[in-house]
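**Q** Okay, handing you the structure first.
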Amino acid sequence: MLIPSKLSRPVRLDHTVVRERLLAKLSGANNFRLALITSPAGYGKTTLISQWAAGKNDIGWYSLDEGDNQQERFASYLIAAVQQATNGHCAICETMAQKRQYASLTSLFAQLFIELAEWHSPLYLVIDDYHLITNPVIHESMRFFIRHQPENLTLVVLSRNLPQLGIANLRVRDQLLEIGSQQLAFTHQEAKQFFDCRLSSPIEAAESSRICDDVSGWATALQLIALSARQNTHSAHKSARRLAGINASHLSDYLVDEVLDNVDLATRHFLLKSAILRSMNDALITRVTGEENGQMRLEEIERQGLFLQRMDDTGEWFCYHPLFGNFLRQRCQWELAAELPEIHRAAAESWMAQGFPSEAIHHALAAGDALMLRDILLNHAWSLFNHSELSLLEESLKALPWDSLLENPQLVLLQAWLMQSQHRYGEVNTLLARAEHEIKDIREGTMHAEFNALRAQVAINDGNPDEAERLAKLALEELPPGWFYSRIVATSVLGEVLHCKGELTRSLALMQQTEQMARQHDVWHYALWSLIQQSEILFAQGFLQTAWETQEKAFQLINEQHLEQLPMHEFLVRIRAQLLWAWARLDEAEASARSGIEVLSSYQPQQQLQCLAMLIQCSLARGDLDNARSQLNRLENLLGNGKYHSDWISNANKVRVIYWQMTGDKAAAANWLRHTAKPEFANNHFLQGQWRNIARAQILLGEFESAEIVLEELNENARSLRLMSDLNRNLLLLNQLYWQAGRKSDAQRVLLDALKLANRTGFISHFVIEGEAMAQQLRQLIQLNTLPELEQHRAQRILREINQHHRHKFAHFDENFVERLLNHPEVPELIRTSPLTQREWQVLGLIYSGYSNEQIAGELEVAATTIKTHIRNLYQKLGVAHRQAAVQHAQKLLKMMGYGV
């Protein structure tokens, strides 16, 4: 819940001097990306901008405090300020910020700018007290914001110092409007106006000018002088001489003498107690100070000129001027030290009553009240956890004694989930083990079951499926039906374990159950995870179309719940890329992989390994070995600088081994084969993948017998576990083994099986990647004209892809090849005396490649009747009567030229 006062522009007071000269400068702010107002405290930055903002509608205001260094809090308030300015135009960003569904501030801002692209009016965003930001991530994100903000948006930043926002670059490009302390300092005329408004008896212009010069036009000093003069303690000029030459850091003594010592004791205590509040309203003041009518007291303090300012148009929220507020808080620690814990407790209770637990925690921590802090956490910690207030929760839990955690195991569980969210798996188990050792009877009942559900999640994340299964089953046995979150976790883990074991049907059912429960209870990240797992299972079963449809449901969920910035989004676009690649939709596959990299742009580069491997697969399928090599260099660097799940390593190894196969790099394959992991089992898709990598390397090295043993065992496992996509891949690799070993009939047998199975999987690129050897076999099958219709169509499609990307046979009949052919001593006399035209050679190459007449016409972009004429002419010149004879003739020519066909 956001505090309204932080999003309210300060109310323009009646007795302030209108800074006409500065407002004139600000009137052109819409021509700049950034308007920067900098000065020490008390120069009137906020007052000036509130005057400028008066009457503007398309403006958002965000007043910072120290707590805004938390990235999530900063994001929530900033987006809320934009929503205020645009009347709720950026709904997607608002939801993402509220639910913390973004990868980083920069990615959230990128989405914001997409939505703002449809907002065409001038727009202003004011951020006050930016000097309070010390988080470098926020500084970097705001630099991104300024670089990419729409042209119609102006950012207005108020700060006591020069912020780290790339100011120099903006200044050079004339995109910065600056107002500093010299310009903010009051002129003689403004000082005279100020005193005329504040004092009952006006002072002479010369006296006013001398006072202004004595304090260098410092607005706060002028306000203090007016206050002293009203209280008749000193003459205005005497106060001015005392203030001359001092600055904000040396005001304490003066404020004690001239302000605190000149109010009655009740007012003094009111000021000191209320100052602990960063913002205040009637209810807070009444509870913290004990005054019956808080609103009336605040208005009275405001009338006395005691540096109190309204924060909203309704007049409900107030705050002290930062300079005065800091002074009062320091004095409160001196004068009311004994009462201070009780004052903070009262503030915490009032914030809780108004529904602001995070503010209440701030005061409970300041009070050092562990019991109050514990009670707030017991009632609100999980809500704060679900809203990613992780830093605040971690600080709070550290402030509680261990005994308090033991008495409230829910808080131990919360601390463990915090560790899990930060991937501190070892610490999770250590914490839970210690708690179980020290908490009586914890090993039975619901809390133990919740511990086990979390432990199961940690175990599966850490690559220990057997332990994860044991713990998930225990949790599900002990958890009551109403404990939905832990039941979702345990069910999801059990489904993932079964996936790892190759029990795909049972795994799919559990993941569907997880999805149903997660949707019912709005646990959207587990709903998305379960859909991704379902898609992977369906892919492994060979049901790629159903996998596609499941992915569509996942994309719809992401759009509806604004989950675009979750790292899981990358997982989804990556498996979509794998599916597109299988279907030879390479451009779309590459775009999908690149979008996955974009999702992970704010994470460590190692997280991009899988998408990078997918990009390499696309290059390999296109036959673009130069690009593949360039990307492989980066992939191998990442492999050497990170720890990865076996699935990730298997996918990375796959593209490496295929590249070595295509380039004939036996040395690299042999070296890898000596050192690579050889899994004990092959009962899931990533273990099958690693063994397939091993078999491919063995085939490259001519170790046919070893490779055959591996592949036959893989096929046995794949058939028994119904890993149909893996079976399809295995058959293709077995085909290559038989072909290279000269076992042509075995090669044809398994190729026919692979083509038949591809009717279910839709595989194309898995055939294409095998290159020329695959092309030769498919030509022969097509020429035999014995393939069923579906297999015939797929074989022709695969040949087109091979020819398009690898330029196999088509390239052999280019002009250089024909010239060398005609000069060859063994060229048939018929060709020498009646040579084919260049177009007829192209047509012969396409006939040899398995193209039909219609496909040749499409390839060469001519009419089908023209192709028939070319074919008739080349048949006559070659002395052949039909297509199969032409193919055989082309094959003889290629063999004569030294091509292994």
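Heads up, residue numbers simply count up from 1 along the chain you see.
Each residue, glycine too, has its Cβ placed from N, Cα and C.
I grabbed these lines from Swiss-Prot:
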type	residues	note
DNA_BIND	853-872	DNA-binding region
BINDING	Ser39, Pro40, Ala41, Gly42, Tyr43, Gly44, Lys45, Thr46	ATP binding site
DOMAIN	829-894	domain 'HTH luxR-type'
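Distances, neighbours, how buried they are, the whole picture for these features please.
**A** Panel annotation: around the DNA-binding region (853-872), residues 796, 800, 839-840, 842-843, 846-847 of the same chain, lying at least six beyond its termini, place a Cβ under 8 Å from a Cβ of the stretch.
Note: Thr46 (ATP binding site) has non-local neighbours Pro10, Asp128, Leu158, Gln309, i.e. same-chain residues 6+ apart with C-beta under 8 A of its own C-beta.
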**Q** Where does Lys45 (ATP binding site) sit in the DSSP three-state scheme?
**A** helix
**Q** Go through Pro40, Gly42, Gly44, the listed binding-site residues, and name the one with the sparsest Cβ surroundings, counting other Cβ atoms within 10 Å.
**A** Pro40
**Q** Could you find out if DSSP has Pro40 (ATP binding site) as helix, strand or coil?
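**A** In three-state terms, Pro40 (ATP binding site) counts as coil.
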**Q** Tally every other Cβ atom lying within 10 Å of the Cβ atom of Ser39 (ATP binding site).
**A** 22
**Q** With every protein chain in view, what's the tally of Cβ atoms within 10 Å of the Cβ of Lys45 (ATP binding site), excluding that atom itself?
**A** 23
**Q** Averaged across the domain 'HTH luxR-type' (829-894), what pLDDT does the model get? Just tell me the whole number, please.
**A** 85
**Q** Ten-angstrom check, please: count other Cβ atoms within 10 Å of the Cβ of Ala41 (ATP binding site), all chains counted.
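**A** Around the Cβ of Ala41 (ATP binding site), 20 other Cβ atoms lie within 10 Å.
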**Q** What other residues of the same chain, not counting Ser39, Pro40, Ala41, Gly42, Tyr43, Gly44, Lys45, Thr46, have a CB atom within 8 A of the CB centroid of the ATP site?
**A** Arg160, Ser181, Leu184, Ala219, Thr220
